[in-house]
Amino acid sequence: MPSGLMCKNPMQVEANDFYYGGLNIPSNKSTPIGINMTLVNVDQLPGLNTLGISMARIDYALDGINPPHIHPRATENRLISRVIHTGDVFVFPAGLIHFQRNVGNRLAIALLSLSSQNPGLINIRDAEETLPESVKFK
């Protein structure tokens with residue numbers, strides 16, 4: 001029972017246990033923070049059980065921000081800043097509080113790969129007073 005989930009009986013395994021369709025579909029960005037995330041973890045894709053991975057798509061409106069957060073069960077303390085472009089890769093080391101903001105002049109998409117089949121999410125709202133104005137929560 002890795003990660004607290006029972007493995008499926010091998011006689012009941014089917015192709016859909018290893019398939020998820022939908023990361024190509026934009027999500028609604030009309031949220032208070034201007035982003036929306038489509039998460040694909042072991043709950044949506046049972047075939048991830050025991051693999052220790054999950055993935056997500058984040059759609060950003062103009063100036064949309066994914067607030068500072070950590071993933072308590074995944075690899076991710078200081079401010080490291082970089083503008084990334086189409087096709088670029090950026091890694092968040094374990095335990096690093098991180099956020100993303102669309103600073104461009106058009107909609108943006110991020111595809112994520114996480115080192116846990118259920119990484120979790122903890123928003124760091126208590127840290128708001130210490131953040132620069134440009135990255136504070138909307």
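Each residue, glycine too, has its Cβ placed from N, Cα and C.
Summarising the annotation, TrEMBL assigns domain 'Cupin type-1' to 23-128.
DSSP classifies ASN66 (oxalate binding site) as strand under the three-state reduction. What TrEMBL records for ASN66, HIS71, GLU76 is oxalate binding site.
Around the Cβ of HIS71 (oxalate binding site), the same chain contributes LEU114, SER116, PRO119, GLY120, LEU121, ILE122, each under 8 angstroms and 6 or more positions distant in sequence. Per TrEMBL, the feature Mn(2+) binding site maps to HIS69, HIS71, GLU76, HIS98.
The distance from the Cα of HIS98 (Mn(2+) binding site) to the Cα of ASN66 (oxalate binding site) comes to 9 Å. Across the range of the domain 'Cupin type-1' (23-128), the DSSP-based residue counts are 7 helix, 32 strand, 67 coil.
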